[in-house]
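Below is one structure, written out as structure tokens; the observations come after it.
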Amino acid sequence: MDAAFHEALARGIEALGLPVDAAARALLERYADRLLAWNRKVNLTAITAPAELAEKHLVDSLVLLPFVAGARTLLDVGSGAGLPGIPLACVRRDLSVTCCDGVAKKIAFVKAVSAELDLRVRGVAVRAEGHPEREGLPRADAVVSRALADPDRWVPLGARYLADGGTLLAMLGREVDRAALDAAGAAEGLTLVGLDVYELPVSHAARAVARWQRK
């Protein structure tokens with residue numbers, strides 16, 4: 001990876017105060033390298049500039065670290081190339097992550113890179129439709145999706161995969177009306193416990209993370 005990648009990664013980690021040590025940074029770099037290598041043959045990401053990838057894929061995934069601090073298991077729904085699950089597993093080596101996606105070639109990458117990096121990540125080629133046992137998916141302490149940003153769609157689906165006491169997370173490209181988030185959670189017996197708004201430090205793109213827990 002080039003100097004721009006390292007600068008963007010370091011700047012994002014430092015600006016957001018993320019607990020990422022040197023060993024984790026090395027794993028993140030190897031993941032990014034394999035992602036771009038596979039992407040030449042398999043369409044995994046539209047972002048191919050290393051610095052942009054560092055910020056918009058890696059740093060943006062790692063923003064979840066404080067919100068999953070107490071989790072032992074995490075389910076990443078619609079994971080694509082393993083985002084945010086694999087970056088989180090690079091930092092939280094104790095975290096058991098399941099990445100699921102309906103596109104088999106993307107899960108083939110998830111499996112290959114996780115084995116190469118010796119991460120506690122399992123890839124499952126299935127479209128999550130709310131039937132964890134039938135789909136071979138776990139009920140997890142933390143359930144997240146970057147792919148399904150619409151809370152009206154995501155909350156009813158994600159709630160079905162929550163373990164007792166678990167946290168449902170939505171990564172949003174913008175701040176959403178809090179009342180709408182409250183209502184989406186209440187319909188599933190969940191309470192909105194946080195709506196954190198932040199800005200990516202290089203691109204200044206606005207982001208938000210919403211969190212729900214069962215009442």
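FYI, residue positions are counted from 1 along the chain as it appears here.
Note: Cβ is positioned from N, Cα and C throughout, glycine not excepted.
As given in Swiss-Prot:
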type    : residues                             : note
BINDING : Gly78, Leu83, Ala128, Glu129, Arg146 : S-adenosyl-L-methionine binding site
**OP:** Enter the number of other CB atoms within 10 angstroms of the CB of Arg146 (S-adenosyl-L-methionine binding site).
**Re:** 22
Original post:
For Leu83 (S-adenosyl-L-methionine binding site), which residues of its chain lie six or more apart in sequence with Cβ-Cβ distance below 8 Å?
Top reply: His57, Ser61, Asp76, Arg146
**OP:** With H, G and I counted as helix, E and B as strand and the rest as coil, say where DSSP puts Glu129 (S-adenosyl-L-methionine binding site).
**Re:** coil
Original post:
In terms of DSSP three-state secondary structure, what is the assignment for Leu83 (S-adenosyl-L-methionine binding site)?
Top reply: coil
Subject >> Among the S-adenosyl-L-methionine-binding set Gly78, Leu83, Ala128, Glu129, Arg146, as the record gives it, the longest Cα-Cα distance in Å >> reply: 19
